[in-house]
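Listed in TrEMBL:
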| type | residues | note |
| --- | --- | --- |
| COILED | 160-222 | coiled coil |
| COMPBIAS | 265-282 | compositional bias 'Polar residues' |
| COMPBIAS | 283-295 | compositional bias 'Basic and acidic residues' |
| COMPBIAS | 310-322 | compositional bias 'Basic and acidic residues' |
| REGION | 265-327 | region 'Disordered' |
| REPEAT | 355-396 | repeat 'WD' |
| REPEAT | 397-438 | repeat 'WD' |
| REPEAT | 439-480 | repeat 'WD' |
| REPEAT | 481-522 | repeat 'WD' |
| REPEAT | 523-564 | repeat 'WD' |
| REPEAT | 606-638 | repeat 'WD' |
């Protein structure tokens, strides 16, 4: 390729010719456009001759509409005229815009040689561009190239270039979308795998659940098949236990009788007279021949005989107390009969006084045997005594290491017994102001205690399913009452007798002979745990309550339930007879005190406590009813 340089004059001539040719081409294109779109029109314009900057100004004529006649010149008229003129101007402007929109400015297409030059510049072909320009201008200079017949590059080429650019952009977007679609596909596959895994796990769990349900049904059927056998075994066990207790009693009686005969023989050897010795020898031989037949012994000898049953009590303690005879009569029966003549109604009770006694729940109230004093035990490990009905504090005791469950006055009124969650029973002396005796033997929480009328014995019950009778003189356990199969919740002596009453969470009540520790009678009827049981003043009726608020009255002689009342569904924590036995007070867990008239079974409620009521008692004359609850207060009802 030969490169020929051009002079600046030739380049200028080329540019001028090119511009001239483009002008002709543009004029020809405009004529073509005009033939298609229609002719163009020019407005007539007057140009002043004294214009210095050769700018063509439009002639503005005076509008007659804006002229205001003389005599009518005012502000409103002038404003109205200006607004009318403004509206006319806006209408004219809009019409001009519409006309311009109908006749847009045409686009001049590109010449072929310019298109080739632009293409070569775009591709970076500089040497080819120089050769093209040299040969092009030489042909034009020689007249071999007619510029008038040069064609224009159609818009389709330019449009193809734009489409090519858009195609490249679309391809890039397509690639990015492909990548995103690929990632989304991988995510879908991963989620499908997780879904299948969870479906499999769900099926496995459902299968295991169904298998467990089937196993439970089989176990229920298996248990139902064994239930009659278990019932029979339980009956046999109960029968065996009774027989064992009877055999043990007969054995103990026989051994005790043998010891008495030995003592009589020793006495006979040391004194003259062979008749007594012979009689004793015959009695001894008769007992040895038939010890199991059980010759009847007086009741007063049973307590000493039963001491042999416990290996740890084969020898009698020198300080052991003797149980009084059971033939004593309650000296307060005349007073009770006098109170029975009074007609006391529950409607007479109303709140007389309230006072805060403990910082925590009050668990039990105990009345003094003779004075208007009440003792309270609490979860704050303290007991306190109070004067009623005014509520002045008299004494406070502290010594237990856990919460107190109950308290009870000694018959003399000079001592107080307390039970606690620390498994001990403590005896407090008011004169000394301290604990004088701590009885240990229970292996679980002690729930309640009760003094014998003689004052030498105290009985306690515990969550270890047993009750114990303690001798206060020898400071030891005289016997343990075993028979309940669940926690023993309350215990009380029948006044002026050796009979003990217990109630248990095994839904039963039991009467015991405290001298020998044997169960004399069991009361069945409660369907839920018995929380408390007590005698009336005459000792012929027992009232009991359970954890579902069911109240029962029992006939002691016939061992049958006379009355059953439902005061629930909240648990009943304690029940108490008034002195004449006509009214029952029930401490309910719903924060109320239920008053029941024994004759008519009419029930009413006393509302004052903010929490569960734990204990209720009457005073000696039945004039006041005291209630204590988990809110730490005592309410006196008069």
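Cβ from N, Cα, C; glycine included.
TrEMBL entries are annotated by machine, without manual review.
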> What average pLDDT is reported by the model for the repeat 'WD' (523-564)?
Replying inline: 92
> Per DSSP, what is the residue tally for the repeat 'WD' (355-396) in helix, strand and coil?
Replying inline: 0 helix, 25 strand, 17 coil
> Residues sitting near the repeat 'WD' (606-638): Cβ under 8 Å, six or more positions beyond its termini, same chain?
Replying inline: 339, 342, 344, 349-367, 370, 372, 374, 376, 378, 386, 388-389, 391, 573-580, 583, 585-593, 595
>> Give the nonlocal contacts of the repeat 'WD' (355-396) in its own chain as ranges (CB under 8 Å, at least six residues past its ends).
In response: 402-409, 411-413, 416, 418, 420, 428, 430, 433, 448, 574, 611, 614-620, 624, 626-634, 636, 638
> Is the repeat 'WD' (397-438) packed against any residues at least 6 beyond its ends, judged by a Cβ distance under 8 Å, and which are they?
Replying inline: 360, 363-364, 366-371, 375-385, 444-455, 458, 460, 462, 470, 472, 475
